[in-house]
Amino acid sequence: MSNIYIQEPPTNGKVLLKTTAGDIDIELWSKEAPKACRNFIQLCLEAYYDNTIFHRVVPGFIVQGGDPTGTGSGGESIYGAPFKDEFHSRLRFNRRGLVAMANAGSHDNGSQFFFTLGRADELNNKHTIFGKVTGDTVYNMLRLSEVDIDDDERPHNPHKIKSCEVLFNPFDDIIPREIKRLKKEKPEEEVKKLKPKGTKNFSLLSFGEEAEEEEEEVNRVSQSMKGKSKSSHDLLKDDPHLSSVPVVESEKGDAPDLVDDGEDESAEHDEYIDGDEKNLMRERIAKKLKKDTSANVKSAGEGEVEKKSVSRSEELRKEARQLKRELLAAKQKKVENAAKQAEKRSEEEEAPPDGAVAEYRREKQKYEALRKQQSKKGTSREDQTLALLNQFKSKLTQAIAETPENDIPETEVEDDEGWMSHVLQFEDKSRKVKDASMQDSDTFEIYDPRNPVNKRRREESKKLMREKKERR
């Protein structure tokens, strides 16, 4: 166990949780997990965890809390959004008493946290470890798991955090926020689930059969009387002082269809109304109903007519807008054409200031006329291009054939066709390789060891060297 403590980095920060199971001291790794520690300390300073329950208990694994709603799906961080995970190579889920952030996925940390009750290697690199339980308070932490739980890992009587106290805050710049505490819709007694009722074992009693029969009869009577208000007639059927005849009999007869506000006052006079008067009243009511229905039908028809008229008016407005746009476009086009024509006229009417401008304008008109003669893109345009190419080829071959090779005229700047008959000639600057024995400025020095001259020279030099050695 000591090697585990040696591997873990030193802590920097301490918080005390006061729970219904006892006090729990938590030391924080604020350098290794700064975001998680800052979030936890600030929520403790803001009393965010006060009166929150430990809503999830997995025996031998974890105890989870920190959700103000108590459902396991609530809680927010101080950053206003889930913050990222912070993993460290020296912090592993290898023992009990570690405090880590609970999340629903990667980088989804909020306010919920959990204590480990044992080794949990499957949680490594999935949850951020930011603290550990120290001292004897680890036994109070273990008491949090000693509760009855249901199939959803929710305790029947969960422990809760009464208050939090920050003993050492490594973050001096934390400013607690003012959080409005939500009012609980139900009192705490109603939120807590009741313990399951025990079943009665009548076989242990000497009068068990009689007690069981009485219990069944009571249950049957309570089920039959459940949800119904009973009078003394229902409960005391054998009482001779109670009459079984109702006090007031309901009068059978046709009641009028419409009743006015003064119904109670006119009830006494209804008995004296003759049959003819009743028939007249019914006819009046029927006529009135017919008028109402016809008025409703008429109003519905008028509404449909109004809708049709509105839709027709909208269509007319759209058509008017479209026509207006077309007129504006035509007008703008007309103005542009008029401006172009005026510009052309002004160019024609203006006298050329000098010969160069006049020549430029003539050339421009010439090429514009040629451009107008050109056909549009397509097969005809391609045919025209091929015809021009063939014409140029024939012209080039004709110019070469007419000009003899010896009599090549010099090209002139103004002659556009002189270059067609010109022949390109280059100066021969190649150097000749001659014999190595001949000394010439234009020859290259070539050394070939197989050359007989070079062989003789080598033999003579060897002979001279031998003679020198002998003389010594």
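Glycine is no exception: its Cβ is also placed from the backbone N, Cα and C atoms.
Feature annotation from Swiss-Prot assigns coiled coil to 206-230, 306-377; the stated evidence is sequence analysis. Residues or ranges marked as compositional bias 'Basic and acidic residues' in Swiss-Prot: 231-241, 269-286, 304-347, 359-371, 425-437, 457-472. Annotation comment: Swiss-Prot describes 257-268, 404-418 as compositional bias 'Acidic residues'. Per Swiss-Prot, domain 'PPIase cyclophilin-type' is recorded for 11-166. For Ser2, the entry in Swiss-Prot reads N-acetylserine. Summarising the annotation, Swiss-Prot assigns region 'Disordered' to 206-386, 398-472.
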Counting by DSSP, what is the helix, strand and coil composition of the compositional bias 'Basic and acidic residues' (457-472)? 15 helix, 0 strand, 1 coil
For the compositional bias 'Basic and acidic residues' (359-371), the number of residues DSSP places in helix, strand and coil: 13 helix, 0 strand, 0 coil
Given the model, what does the mean pLDDT over the coiled coil (306-377) come out as? 80
